[in-house]
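According to TrEMBL, the protein carries these features:
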DOMAIN    2-324  domain 'Amino acid transporter transmembrane'
TRANSMEM  20-42  transmembrane segment
TRANSMEM  62-82  transmembrane segment
TRANSMEM  94-112  transmembrane segment
TRANSMEM  132-150  transmembrane segment
TRANSMEM  162-182  transmembrane segment
TRANSMEM  244-265  transmembrane segment
TRANSMEM  271-293  transmembrane segment
TRANSMEM  305-324  transmembrane segment
Amino acid sequence: PKSESFADIGENAFGRKGRVLTATFIYIEIFMALVSYTISLHDNLITVLSGTQIKLPGVPNLHTSQLITVVAVLIALPSLWLRDLSSISFLSSGGILMSLVIFISVVCTAAFGSVEANHSIPFLHAKNIPAISGLYIYSYAGHFVFPNLYKAMKDPSKFTKVSIVSFAACTLLYTALAFLGAKMFGPEVNPQITLSLPRHHFITKIALWATVLTPMTKYALEFAPFAIQLENNLPDSLSSRMKLIIRGFVGSILLLVILSLALSVPYFEHVLSLTGSLVSVCICMTFPSAFYIKLSWPHISKPVLILNLFLIAFGSILGVLGTISSAKMLIKTLLRAHST
């Protein structure tokens with residue numbers, strides 16, 4: 001009952017080592033997720049502002065797309081100074097709205113656009129499972145914010161219902177969008193479907209701008225668990241104002257580091273897949289099952305024990321194979337880019 005974060009649960013289960021391990025994986029996932037969001041921001045800005053030329057004196061090595069991305073991230077940066085989870089969740093609701101706009105735009109393109117949805121969809125490519133497993137896992141890996149959301153809810157008794165509705169809605173949208181993308185563009189679909197939509201359509205412009213705005217609304221929510229933990233670790237002697245300044249300053253520095261990395265490794269699908277396989281699988285499969293077994297050991301039934309052991313084994317195998325596969329693909333892409 002006293003647990004307020006995912007790291008607290010890890011400490012209750014396995015002591016100090018459990019807290020450190022859990023917190024490390026959470027912070028790595030937050031960092032890599034924000035890198036992926038920034039790559040997405042960059043890729044879509046290139047498309048939506050194609051033809052725009054900007055040069056700043058003193059920084060001749062930065063391309064126009066990179067300069068525009070820097071400006072966009074700086075616009076989003078003040079959101080990291082927000083402390084109230086209610087305000088952050090309100091901002092994040094804008095991200096949900098943008099996701100719905102993207103989905104509707106793709107549906108409208110399929111229904112009224114010039115793209116014919118006539119591509120066949122193969123039943124299964126088993127050899128691709130390790131490479132793409134991270135993408136699937138990442139899509140459902142919001143577990144590390146669950147304790148914070150539970151504590152912040154006005155009526156925590158509705159948490160289970162909220163979780164079921166949220167995951168069901170996400171699954172419905174993911175599945176529908178996946179089939180639309182596969183039917184419309186086949187194997188030539190871009191890592192981000194908005195980049196495959198016909199450039200000349202007004203609907204595409206809407207989808208692109210929605211994709212640009214989505215990462216800008218996500219920064220504060222992704223950063224919240226780290227910021228809360230940072231504030232909790234600061235000395236009580238510091239004033240609330242000083243804690244806010246330290247929190248905002250550290251968040252700003254981290255976001256600039258994330259921006260630099262995103263511009264250096266702009267490969268959205270590979271970074272996202274690596275994130276899912278390397279850390280998300282532990283956060284959403286391995287750790288929760290391990291924590292549950294440890295904390296509920298005196299009362300756990302045999303079928304539930306077997307189920308959780310299976311999830312730990314399955315998650316570990318998938319994580320190792322997925323990490324190796326996605327890391328190889330990222331390295332190959334980097335080497336190919338530097339050789340041309």
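Using N, Cα and C of the backbone, Cβ positions are placed for all residues, glycine too.
Highest Cβ pair count under 8 Å relative to the transmembrane segment (20-42), across stretches 94-112, 132-150, 244-265: 244-265. Under 8 Å from some Cβ of the transmembrane segment (62-82) lie the Cβ atoms of residues 38, 41-42, 45-46, 49, 52-56, 88, 91, 212, 215-217, 219-220, 223, 227, 244, 247-248, 251-252, 255-256, 259, 262-263, all in the same chain and six or more residues away from its ends. When Cβ-Cβ distances below 8 Å are used as the criterion, the transmembrane segment (305-324) is approached by residues 130-131, 133-134, 137, 273-274, 276-278, 281-282, 285-286, 289-290, 292-293 of the same chain, each at least six residues removed from its ends.
Nonlocal intrachain contacts for the transmembrane segment (132-150), taken as residues 6+ away from its ends with a CB within less than 8 angstroms of a stretch CB, comprise 3-6, 8-9, 26, 29-30, 33, 85, 156, 159, 163, 167, 170, 174, 221, 224-225, 228, 269, 272-278, 280-281, 283-285, 288, 318, 321-323, 326.
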